[in-house]
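Shown next, in structure tokens, is the structure this report addresses.
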Amino acid sequence: MVGKLKQNLLLACLVISSVTVFYLGQHAMECHHRIEERSQPARLENPKATVRTGLDIKANKTFTYHKNMPLIFIGGVPRSGTTLMRAMLDAHPDIRCGEETRVIPRILALKQMWSRSSKEKIRLDEAGVTDEVLDSAMQAFLLEVIVKHGEPAPYLCNKDPFALKSLTYLARLFPNAKFLLMVRDGRASVHSMISRKVTIAGFDLNSYRDCLTKWNRAIETMYNQCMEVGYKKCMLVHYEQLVLHPERWMRTLLKFLHIPWNHSVLHHEEMIGKAGGVSLSKVERSTDQVIKPVNVGALSKWVGKIPPDVLQDMAVIAPMLAKLGYDPYANPPNYGKPDPKILENTRRVHKGEFQLPDFLKEKPQTEQVE
């Protein structure tokens with residue numbers, strides 16, 4: 001009896017020892033694997049999300065991301081066609097932009113604030129938080145947000161309108177990035193933000209004069225930085241010309257980005273809500289507009305809405321209008337003749353053929369752009 005008890009105890013000890021050795025072995029292998037992973041470039045793996053319409057990519061495809069990847073940044077003053085631009089690019093099977101992150105322009109503005117304050121700069125340097133440390137942290141943060149707020153794709157883009165206020169800084173952080181600066185007649189942009197009640201930090205929506213002054217300041221900042229990085233990195237895209245002649249401009253734009261042409265960019269409205277297509281936010285103000293095909297319905301809505309005294313002083317209030325090619329005294333201006341297909345799209349839009357789908361409907365939107 002005692003012998004049998006000893007035998008059972010010995011067997012139990014042997015089992016416990018075996019389990020312990022197995023567990024320690026597994027734990028050691030996991031630690032080794034994690035160390036190896038940390039030594040490799042950051043990767044995003046999501047087998048389901050890598051399957052995109054029109055892409056011949058296996059479900060286990062891995063996309064690597066790093067500071068030298070060819071990121072695309074879309075920006076401009078809000079209500080200048082940035083959402084339409086990103087929706088058209090999102091329709092391309094190789095490109096993913098996604099909704100506005102909202103955090104990217106805020107963190108960039110914070111970095112600018114630190115840089116402008118000489119006192120803060122000294123304090124940061126004394127603490128060892130040098131420009132190199134901050135730049136490295138900014139690269140990692142921005143990449144993490146851009147990559148992980150949507151599905152993987154060969155080309156990733158970000159659309160946060162005011163991010164391009166830091167265009168030259170972004171160009172330094174990401175040397176292979178390209179920038180699309182959306183430009184629109186400031187009178188149309190301002191009328192859109194006022195009539196649609198799009199709150200923008202610093203803009204007084206009760207005053208056309210104030211909003212046009214702020215529009216001029218914002219677009220001048222972004223335009224100057226676009227010119228500074230040069231035409232090989234930054235492309236001006238006039239909203240009016242994009243909607244009048246979308247194929248011509250999208251071909252030029254994709255050539256600038258070194259991305260193969262795909263006809264789907266001309267039919268973004270057909271890709272909304274589809275896997276690998278165009279993902280829209282329920283709370284962005286432009287959502288109810290980009291569900292429609294490209295049309296010219298919004299080009300001259302501002303005509304007759306701006307106070308006479310503001311119209312009279314337009315060239316002084318907003319000198320960037322003339323610099324960008326707009327006649328400050330033309331009411332309405334002649335933006336050009338649309339392609340036949342765009343005329344047909346506009347007719348269908350006016351008939352009410354395109355309505356907001358149920359999955360995008362929500363409470364009244366209260367968006368603030370910073």
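Keep in mind that glycine also has a Cβ here, set from the backbone N, Cα and C atoms.
Ranges compared are 52-56, 62-66, 82-86, 102-106, and Swiss-Prot records region 'Interaction with peptide substrate' for 102-106. Looking up Cys97 in Swiss-Prot gives a disulphide bond whose other cysteine, out of Cys31, Cys157, is Cys157. Here the candidates are Cys211, Cys226, and Swiss-Prot names Cys226 as the disulfide partner of Cys234.
Mean predicted confidence for the topological domain 'Cytoplasmic' (1-8): the pLDDT average there is 49.
Across the region 'Interaction with peptide substrate' (102-106), the DSSP tally of helix, strand and coil residues reads 4 helix, 0 strand, 1 coil. Of all Cβ atoms in the shown protein chains, 25 besides its own fall within 10 Å of the Cβ of Lys159 (site 'Transition state stabilizer'). Secondary structure at Lys159 (site 'Transition state stabilizer'), as computed by DSSP, is strand. The two recorded residues Asn262 (N-linked glycosylation site) and Lys292 (3'-phosphoadenylyl sulfate binding site) have their Cα atoms spaced 19 Å from each other.
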